Amino acid sequence: MGFQISKQWITICMRVNGFVCKDPTVVKAEDFFSTGLDKAGDTGKKLGSNVTAVNVNKIVGLNTLGISMVRIDYAPKGLNAPHTHPRATEILTVIEGQLFVGFVTSNSDNGNRLFTKMLKKGDVFVFPEGLIHFQFNPGHTNTVAIGALSSQNPGTITIANAVFGSKPPISDEVLAKAFQITRMAAKTLLLALLAVASSLAMASDPSPLQDFCVADKASKVLVNGFVCKDPKVVKAEDFFFRGLDKAGDTGKKLGSNVTAVNVNKLAGLNTLGISMVRIDYAPRGLNPPHTHPRATEILTVIEGQLFVGFVTSNSDNGNRLFTKMLKKGDVFVFPQGLIHFQFNPGYTNTVAIGALSSQNPGTITVADAVFGSKPPISDEVLAKAFQVDKKTIDWLQAQF
């Protein structure tokens, strides 16, 4: 089965990790679709930020697929306060404005290291799974970011709220000792944070066994992925990429261009099970039918429009096609390994941001792989497979 759609009700009481599955025969394209990511969130709250999450609770088709997406809005001086995602790595790109971001490593003999970076439009940064991290808009204009997380339901733990705003509250004696302050100070903090406490309840590569494993591309050792750099020489630049605000060249035959930010571009993604792409489409531009053998893709339209679709794997009911017309702010999911495409039917350029649930998802363009392999697949094999004559196959192979 190509995907497992969540069914949020069932006639008997059953609890599973995630959601049970809908009958595949009643699944429709809307199960993989959400709208509204072009709308600014309300940043009028005390911290001056707002997270709009598109997870399995919004798109039931994300069930079991190991990825989700967020839009984060920041007012001037707005803060997405220190928090963790217990089940996900996050990769984030700035769409408008600027951000000061950082994360803190877990306890070690070398202490808790802080990695920080100033981001501008088009920059990308990675926050490894489970680590405390934050984003702050130091400027005087609004900032917008798009993030993706390597879980259908990554969870969020806002540190201040969890520690000082739990229900029932953690004992002030416990907190006083933990933070090395007086019990009165602990009570004051607890009361202050209770007054503003709020929290956001939010298939990837194998889970990491340490905070990060930054790829050591100079190593001659061959492993699944890359071996790790010595953590002592890791720096913030290892989690950073610049240039996702730049349009790709769509002058080629198909009229599309994919700018990938994977482990080959951003060494800090090693073992973290996520990557990001920018896709540019000229008018009538096509990202042709292809698959990602190691990843689910979640995509949102930043500018323009797209006609998108995917085809299910073989079954007694045939290969079903799910299609949807997307406009700015819409989100769509392409399940792992399934053939899918995006086409710009309009007369203006389109831009999309996608995220994939692997550090190195791979791409197999169907036409290139079948008709352009090196050496070529036998024309006899292809003629029989496609039920056409060999001359037709020879002509198709000549195109690639």
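Each residue, glycine too, has its Cβ placed from N, Cα and C.
Because TrEMBL annotations are produced automatically, they should be read as predictions rather than curated entries.
Keep in mind it's a predicted model, so treat the numbers as computed, not measured.
Per TrEMBL, the features are as follows:
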| type | residues | note |
| --- | --- | --- |
| DOMAIN | 35-187 | domain 'Cupin type-1' |
| DISULFID | C213-C228 | disulfide bond |
| DOMAIN | 242-394 | domain 'Cupin type-1' |
| BINDING | N287, H292, E297 | oxalate binding site |
| BINDING | H290, H292, E297, H340 | Mn(2+) binding site |
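Averaged across the domain 'Cupin type-1' (35-187), the predicted model reaches a pLDDT of 89. Of the chain residues outside the oxalate site list N287, H292, E297, V277, H290, T291, A295, L299, F334, H340, Q342, G354, L356, P361, T363 have their Cβ within 8 Å of the site's Cβ mean position. When the recorded positions C213, C228, H340 are ranked by how far their Cα is from the Cα of H292 (oxalate binding site), H340 comes first. Same-chain residues at least 6 positions away in sequence with a Cβ under 8 Å from that of H340 (Mn(2+) binding site) are, in sequence order, P289, H290, T291, E297, V308, G309, F310, V311, F334. Its Cβ placed at the centre, E297 (oxalate binding site) has 26 other Cβ atoms within 10 Å.
Comparing C213 (disulfide bond) with N287 (oxalate binding site), their Cα atoms are 32 Å apart once rounded. The distance from the Cα of C228 (disulfide bond) to the Cα of N287 (oxalate binding site) comes to 34 Å. Looking only at the binding-site residues H290, H292, the densest Cβ neighbourhood within 10 Å occurs at H292. Take the mean position of the Cβ atoms of H290, H292, E297, H340, the recorded Mn(2+) site; other residues of that chain with a Cβ within 8 Å of it are T291, A295, F310, F334, L338, I339, L356, P361, T363. Ranked by how many other Cβ atoms sit within 10 Å of their Cβ, the recorded positions C213, C228, N287 place C228 at the bottom.
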